[in-house]
Amino acid sequence: MKKKFRIAVLPGDGIGPEIMREAYKILNILEKNFSLPLEIREFSVGGIAIDREGIALPEETLRGCENSDAILFGSVGGKKWDYLPIESRPERASLLPLRKHFNLFSNLRPAKLYSDLKNLSPLRSNIVRNGFDILCVRELTGGIYFGKPKGRSKNENGEYSFDTEIYYDFEIKRIAHLAFELASSRRCKVCSIDKSNVLASSILWREIVEEVSKNYPNIILSHLYIDNACMQIIKNPSQFDVLLCSNIFGDIISDECAMITGSIGMLPSASLNSKKFGLYEPAGGSAPDIEGKNIANPIAQILSLSMLIRHSMNLNEIADKIDSSVYRALKAGYRTLDISDGKNYIKTNEMGDIIAKFLINGK
C-alpha cells in the first residue's frame, strides 16, 4: 500500500471556510477518481482559534502541521480581532510563526491573465491582448523585514527610526537556484530585481545571482532596478516569465502583478522550504465583508491546492489537470461575482461544482 500524503487543512476566518469547502471537492476527486492516497486533517487557526483557545496558532495546530507533508491554508483575520495588540492578531500570530517554524524561505506568486478575462485588467487592451503569465519568486525570511538592528530613538537632531537590510550569500543562492529551476520548466527566462546602483545588499544580490546563473546555461538572465521593473510590468507584462526578488521588492512587485490581473480572487501562492514542504494559500485576504454570502471566488484556493500537488507532491500531470479544469470553466463563461459583469454570475459552491465536474470529465 502506498504511503499516504498528509495534508493539514487550516480554513481560518472570513471566507476561508467557504472557499476551502470547494477545495475539499477537488481533494475528494483526487482520492476517489485519481486514487491518490491522502490523509487530510483539519485544524483551527487565526481568529477562530483565538475565540476557541485564546491563541491564533494553537499547539495542536502546530503539531498537526509538523506531522503533515504540506499545509493548505485558507485566510485569517478580520475587524473582530483588531482590539488585540498587533503581534497577537490573527495574521501576525499565525502566518508569520508558521513561516519561521518551517523555514519557508521562498514565496511563489503566480500572476496569470487568462485570455477570456482580459477585460478585467486595468491595463489597456493592446497591452494585455496576449495575456501574461508571470511567476514572482520572493525571498521570504531575510532582508529588511528581519534585519537587525532596527528601532526608534532620539538624539540632538530629533526623533528617528531605522531598519537594516541584511542578506547572506547562502540566502541569495538558495532562492536564486529555486527561481532558475522553476524557469527551466516554463519559458526559461529569469529577471532579477534589485537596486544595485544604490544599495550594498543589492550589489551582493546581483553578484550572487550572476554566479548561480552559470549553472543554468539554458536560462536567459536579465536584471532590472526595482523602479524600472514596476514601470516595465505596466508597460509590457508579457515580456516577463520568472521574477526573482528580495523580500521587500517581492512584496511590492507581487502585489502589482496581482492587481493587473484584475481579480486577486484568482491568484494562489506557495511558501516553500528546502525540502519542498509548503504552505499553500490564496493571495487575497479573509474578506469579512462578503463572509457567508456564498459569492467569494474559490479559484485561488483551488489553484493553491494545484500548487501543492505540483510542488510538494511532484505530480505535475495532475496539477495540470486541475489548472485545465479551472481554465475550461472560465472558457465556458462561468463567473463568480468578482469577475462578472455584476449581473450574470454563479455562487461559490456552484463554481466549485463546475470545476470538479470538468476535472472528473477530463481525467
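Counting starts with 1 at the first residue shown.
Even glycines carry a Cβ here, placed using N, Cα and C.
As the structure is a computational prediction, the values presented were derived from the model and not from experiment.
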Site-mate of Arg99, Arg138, Asp227 for substrate in Swiss-Prot, selected among Arg109, Arg124, Arg152: Arg109
Rounded Cα separation (Å) that holds between Asp227 (substrate binding site) and Lys195 (site 'Important for catalysis'): 8
For substrate: widest Cα to Cα gap among Arg99, Arg109, Arg138, Asp227 in Å: 28
Using Cα positions only, nearest of the recorded positions to Arg138 (substrate binding site) (Asp82, Ile86, Pro90, Lys195): Lys195
Helix, strand or coil at Asp82 (NAD(+) binding site) [DSSP, three-state]: coil
Any further residue of that chain within 8 Å (Cβ to the Cβ centroid of Asp227, Asp251, Asp255) of the recorded Mg(2+) site: Ile226, Cys230, Ile248, Phe249, Gly250, Ile252, Ile253, Ser254, Glu256
Arg109 (substrate binding site), number of other Cβ atoms within 10 Å: 24
For the recorded positions Arg138, Lys195, the one whose C-beta sees the most other C-beta atoms within 10 angstroms: Arg138
